[in-house]
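Novice: Handing you a structure now.
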């Protein structure tokens, strides 16, 4: 593994190795406290962030490394200078680049013109670190992730794409339940289905919640993306039937709940569920750090 732009670039064994390493780092942090000693990692944020920034900054520190934060003003890639020059300069100083960007093309440019590993911490198409944290969380409750049935409910987006691709590679069953007109990208769904054929997994896209009866895990995400100015009344009209609430859990028999956050309580998920016995949401948030640490350790070993 030279970079992490999308989980589709990883093999099943590479994903399992990352999950195993994440568990090891989580269980024995002292053993890895100097694993990145002398390493400097530039973290770039074109979009606002809480979990991504904090988990990378603290995670790098816990591994003995040094994180340098660049926001959209100081790291305006392609505006103050070209992606080519940006990548070439950063590569002379830093040991790796972690980038949360608007466009996947920016990440491809950083890889093409830089000479250090690049980690996608979110773009328009994928959110690989999130998906690794999600399956790390699932693996803490299910011994064989290939037998897990995971339902994503809401708008098809970068998180949906990465969940489908990761599940497909691992041999799991992943169903995206989205309102009509809000399905995940058709080309990425096709890629996930092809990967599932190889692994024995299954990928489904539907607008029918009856399709996820007897599933193991349900996953929610915000209905309103950053910068989306759609009136709330319109959003609620379209998505309220897909709210993750106690009634839906009882109807489907689903045991565990995930949400990548930020969560809009009483919209895509109720407080009763988010704070209830079925929720793994804050374990999932913690696991962002451990999964990302495993990625950095693998890239910089």
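First residue shown is number 1, and so on along the chain.
Glycine residues also receive a Cβ, built from the backbone N, Cα and C atoms like all the rest.
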Novice: Return the residue out of 92, 100 that Swiss-Prot annotates for the same carbamoyl phosphate site as 127, 128, 129, 130, 260, 288.
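Specialist: Record source Swiss-Prot; matching candidate: 100.
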Novice: If I restrict to non-local contacts, at least six residues apart, and a C-beta distance under 8 angstroms, what lies near residue 158 (L-ornithine binding site) in its own chain?
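Specialist: Expected: 122, 123, 124, 125, 126, 127.
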Novice: Take the C-alpha atoms of residue 130 (carbamoyl phosphate binding site) and residue 221 (L-ornithine binding site) and report the distance between them in angstrom, rounded.
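Specialist: Just about 12 Å between their Cα atoms.
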Novice: What does the structure give for the C-alpha distance between residue 129 (carbamoyl phosphate binding site) and residue 221 (L-ornithine binding site)? Integer Å is fine.
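Specialist: Each residue's Cα considered, residue 129 (carbamoyl phosphate binding site) and residue 221 (L-ornithine binding site) end up 15 Å apart.
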Novice: With an 8 Å cut-off on Cβ distance to the 100, 127, 128, 129, 130, 260, 288 Cβ center, who else from the chain surrounds the carbamoyl phosphate site?
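Specialist: Neighbours within 8 Å of the Cβ centroid, excluding 100, 127, 128, 129, 130, 260, 288: 52, 121, 122, 131, 132, 133, 159, 162.
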Novice: For residue 127 (carbamoyl phosphate binding site), list the number of other Cβ atoms lying within 10 Å of its Cβ atom.
Specialist: 27
Novice: Among the binding-site residues 130, 225, which residue has the largest number of other Cβ atoms within 10 Å of its own Cβ?
Specialist: 130
Novice: C-alpha of residue 128 (carbamoyl phosphate binding site) to C-alpha of residue 225 (L-ornithine binding site): distance in Å?
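Specialist: Spelling it out, the Cα of residue 128 (carbamoyl phosphate binding site) and the Cα of residue 225 (L-ornithine binding site) are 18 Å apart.
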